[in-house]
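Only one structure is covered here, and it is reproduced in the block below.
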Amino acid sequence: IGLKLCLIASHWGQCVGEDCGSSGVQTRTIWCVHEEGWTTHHSHCQHADKPGSQRPCFKVCNWHQNLFEWDVSEWSDCVLVPFYSNELKLRTSECVTAQHGVQRRRVLCVRTANRTTVTSRICEFFSQKPPVEQACLIPCPQDCVLSDFTSWSSCSKTCGAGLQHRTRHVLTTQMYGGMHCPNLTETRTCSNPVDCPTGEDKHQYSLKVGAWSECRMPHHKDVLLSGRTTVDFSISANESNTVISHTHHQNQHHRHLQHHNNSHYYYPMSWELEVGYQTRQVRCTRSDGKNAMLSLCTKEAPPLTFQSCVMSRNCQTSDWSSWSPCSKTCRSIDLSPGYRIRSRIMTQIPVRGGKQCPALEEKQACNIMGDLLLKCPRYAWRTTDWGDCRVLPLLSQQDKRLINISILCGGGIQTRKTYCVQVPDDLHVGSNTQKNRAKDRSRPVSSRLCDAEDQPLVVQLCSVPCQQHCLVSPWSPWGACEHDNCDEPEGKKGFKQRRRELLWESNSTLGTSPHLTEFIPCENPTCYLWQVQRHGGCVPTKSSCGPGTVVSNVTCVSITGESVSNAHCDGDPPPTEEACEVACSADCVVGSWSSWSSCSHSCASKTSEGRQSRSRSVLAIPGKEGKVCPAGPALEEWRTCNEHPCTVFYWEASAWGPCIDEDSLDGNESSSWNGTWGCSAGVQTRKVNCVKMAAGPVPSKRCSDSSRPESVRPCSPPCQKDCIVTPFSEWTACPTTCLPENSTTATQSRYRTIIQKSANGGQECPDTLHEERECESHRVCPEYRWRLHKWHSCTLVPDSVRRGSSGPTETCGNGLETRGVSCVGESGEPANVTDCLQWAGPLPSQIQQCRVPCRDDCTLAAWSRFSECSGCGSFMSRRRSLTGRSKKKDHCLNEKLHPLEETLACPCDTFLSQPYGNWSACILPHPTVIGSLHGWMSHREVKECGQGLRYRAVACINQQGHLVDPTLCTESGYMVEVCHIPCPLDCKLSDWSSWSGCSATCGGGLKTRSKWLREKAFNGGRPCPKLDLKNQVYEALPCYSECNNYEWKMEPWSICTINTVDDLPACGEGVQSRKIRCVRRGAPSGEDGAVEDSLCDQDEMPARAQVCYLACPDDCVTTPWGAWSNCPCDQGASRNRSRSVVRLPGSDSTACPQLLQSELCILNSTCFTYEYKLSDWSTCTLSENAICGQGFRLRLLDCVRSDGKIVPQERCEEHGLINKWRLSESCAVQCPVSCILSDWSPWADCSDTCGSRGKHNEIRQEAHDEGFPCSNQLTQTKPCPIRPCYMWLLSDWSPCAIEGAECGEGYRRRNLTCVVHWGDVHETPPQQVTEELCGDALMQHIQQDMEQPCFLPCPGDCHLTEWSSWSSCQLTCLEGRSFETTGRRARSRAVIIQVMENQGSCPQQVFETQPCKGGKCHSYQWRSGGWSNNERVVWCQRSDGVNVTGELLLCPPAKTPNGLLELLVNTHTYTHTHFYMNRKQAGSQMTVTVLVLFLALPDVCDLAARGCSMLLVGGGAAEPLPPLAERERSSSTPTTSCNFQSIF
């Protein structure tokens, strides 16, 4: 039905199979598809075309990854992307910066064993196939860039016509399809004003030699003719410098060598050299290049055309060794591949120009992907436990002399060690759990493996507990006598108590706190009292006066004043009504009792007791019938007080004892690694005693048992800690190289570190932390030596060669003789030559020149023995003489050619020592501490001053002035002398001054004391603390100046004295007085504490006398005025006071006085405000045995009245002011942490044979505050012994030397000289010594290029110049940015023509490039000189200042200077090009005319073919290039010119 169907196959599925390998099967699905895209049954398609749906495959398993890998080649060069024509676009004129290209590479799946290729599907199973193609950029074509021309050379002839030339060199070769380099040489004719003399020969003749042929072996006699070498002396110009050689056997010989190289390798047991011959051509050449008769060039014997030579031998090497293990054996973050190495050894050194040795080591990438490699081990720092806290390192030198070191406490420092361990993969580096910490007992490894991690701190501040310090409040008043336990009162003995509060205490656990409660035994204690409160006044029972009753409220209260049930009080309650009496108008009126005075004694003793009194006064006298006044004694009452004894008791508690295991568990049952869990509970005990003040312990019953401190408390006992050490580190490596047989036995060591010290009876630490042992088996260097064979007979050039050459044919003359060398072992057994190359020292010479005497040779006797030396500095000599006919031959008598005496300097064992260089710094001896190389020693005091040694190198000189081993002059190679490093002096301060007075005259303030500077720190000593402007440091403590230290003491008023007249009653106004005195506040009334009145406040001095009023009979009598009420300082406020009537008047006509009095509140007069005032903080106060760390500071609180007076704090409390300020707090004094350095590292190796070596240490802890600063000397240098430095010195190349001729092929050579110097070639000129001191001279010659062929041109030869210097490195750049990381530099050789007739034989100019680093991007711009006669010079310059030329203009045409806007003619491509620029100024326009006057070289005359269409720019118009028909060519002269008639 015409359906267009086709079969389409899907992608192959995955290879499946039961076993790994080639038994797998791969399947795919086949569809029958219509061209429109729909599918149908596959029977509709032709089965003949049906592709297979199954195929065998190689099933890959995971373990195959080690067998296969991707082999990826380097990226190919970037090529342009092909167009539709499938052709590469070579150059595009539209290119601006770069063109799109593509790079490809080869990606194959190979077997790792033999690198054979397998299907890519195997490697794709493990990893994706690397890309085989990537896009790239190709820079725009870059043309060849040349330098500017040199100046013209001098004329080739001094008379007549000659030639001149100038050259330029290549700066950058063409790249990416750019223009090739044009000619590097320009040549022009020159003429001299002097004509050549008539009859002088037109030509010059020169003896010219060719290059020596390759060295050939002589052949058998039957092929002598075929082996002859003949010299062609033809003078034909077409056959120049030809050597015709018949060598039919050479190919067979080379095939034999090639077969030998490909055969199975064997190690040679000996080396033999073969002597052959070589020839060269000699001819006489004329200055026009033609050959001439040899006799025209040689006046004497012609030069040699043959000579003996050593057959060359190529370097031979052994087979490759096996590949070393891959350097990358694990998977890390670094994605770079590893590498593996294989090597081979040289088994045949190259001889006489033989092929140099190939690379003896090969490196190859391996484990590029590394997906299945194990993860690389990780390393992390671990630390030991912190050491003990030490205060001593913080002390200054002054403190160490003044302080008892044994009782130091407070702030200190503690240290620990760090070590590096390998961290398991399942352990997080930062984990700090107890479970993981047990795994930290890992083997220490080299600390270099942890360099990538930040090292933990090894120093920290700590604290040594001081005795507990605290602040307490003043004592409260003594309380009432009460039972010890009011809940269960017993007996009739009780206690009076007073208390104080703990205001602040340190957090130290040492010592005890002061007692806070004191007791006084008393009798008849009570816990509850009846309290009586009267309600109202006395109410008469019958009339308005007389007897009556007063009602009271009776309640039971506790000692603290709380109301309780009446059942708590003992006995019957007091009556609620009491009898009283209201005075009648004629009765005597007596006032109420005053308050009891203060007790005369604070306690009762056997000789004294306390007493206090109270009094009352008569207010009104009685009438005739009234009740009389009581007698005088009845107006005063006395009673005893403070009857308790003067003995005070208190509980004294000792410090808490150690924590004791409550269950007495065996310490071994606790954890054995650090004891932080699994420990039992414990208890602490202390002694508690009742102590009598100023006496000592007494029975406990003297103190209140209810206030007894606890003597037992629970605790957590310190668990037993076993010592924990790391496992031993790995043994240090033994030497991998062999050692001489008599050398000292090598040792290896290992160490371990204490992580945790033992404590509380745990297992002690081991004694051995460092172990050392001898290496079990160190390889002794084998002994081999060269065995020299006998010299073979002198080998000359074969006769057949001599007969075929000019010159003497006698079988005599110079030749070569050889000898074989073999290698033998220590016992003389044969060994491989390679063993001697490695162990036997320099290879002995195998060849030397020899001579077979000729008939005309001079014969001499053998040398005599050297004469004896007469001493140091003398000479020894030997002689020989001519023999036979030689005595009569003139040329034999020339002693320059045939010396008859030889003199040598005698050896001398006298040496001269002289100091070299400067003295080293003073180096202190540091004691060697085992383990100091493996961790930081925390408790070792490092000595940084005192006596040391300094060193100066000694140079040992022999009699020839050569440097020799320093041990020939001194034992150590040093001059050593004692030196001293001054010790640092700390800053010194004076002792503390006395305390100053309190800064406040009243209330809280500060008192200070100070130290002042005596000596500043010197030489790195501890610096001074922060000083003020007066160079002082001070301490401040709070102080209190009691404003009420003194008070006025008033005695009772005297009786009111009234002056009466006649018999009138003694009543009415009178005067009463009292005594006042100034006493110390708080002084008992019974003691005489009177002081001067001036010490008391004069403003508050009470009155000594006052007006009194004694009421008359029948007068109204009132009580004295009561106290004023509180006076608020509000505007308009007032205060009141009142009094009451105690006797009514006798008649209605007499009224009672005013009973209520008011007055306005006036600030600072009748009313006052109050506020709290804080003093400044004191300085931080430490324990007397501490120098830093935790302390406390204080401040004081005062209550200040509004008039500025300090009043008791109770006044502020009465006015509701709340104290919300802290008066004490903890503080810290920063510890003066000194700089802490690590141990000195071991001495480093000498940086040079004659240089210096050093050691260094690191800052582990920077200095803080006033600590010792870090030393400036963190490195020390010590001179190295001045040992002679031997080196091979390579001379410069010699001029080209031609043997026996004037020009032609020759050699330039350079020499190797063994010299000795002092480590710096520039400062000490090297001196030549014997070659044995520098090593193997033969191997040095093999490694260096010692001979180069060269060519000296004969007159008339066309030749190449020497190589130019390498140009500067230039990068390929895009828009000023580097396109490549590697640049290129170039050099070139130009062609020099001496005679125009020889142009046909000129070689081609050559140049070469090489990669370089450090290149730069360059740009080009036009430069022009000044105008002169309407002319100026225009040139193109590179951005580095180099003038450049090229095939096309390198500078941008758009920026061409005036006159070159359209003219693109390269001024250096053509021989002569002159630009004439005419400038005509007309207004604002400028006209520039450019005329090309002369163009040279016929091959560039067709400018149109080179793209030049405009030549003339004049008056703003450009004329086209004239047609070819209008150009005239002239070839009459060697330099062809093009003339443009239509223009000029």
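Positions of Cβ are set from backbone N, Cα and C atoms, glycine also.
Looking up the ranges 313-334, 1127-1148, 1523-1544 in TrEMBL, the one annotated as region 'Disordered' turns out to be 1523-1544. When the domain 'Spondin-like TSP1' (1358-1417) is classified with DSSP, helix, strand and coil residues number 6 helix, 24 strand, 30 coil. Looking at 144-193, 588-646, 723-781, the range that has the most CB pairs within less than 8 A of the domain 'Spondin-like TSP1' (1358-1417) turns out to be 144-193. On the 0 to 100 pLDDT scale, the domain 'Spondin-like TSP1' (588-646) averages 84 in the predicted structure. When DSSP labels each residue, the domain 'Spondin-like TSP1' (144-193) comes out as 0 helix, 21 strand, 29 coil, counted as helix, strand and coil in that order. Across the domain 'Spondin-like TSP1' (315-367), DSSP classifies residues as 0 helix, 19 strand, 34 coil.
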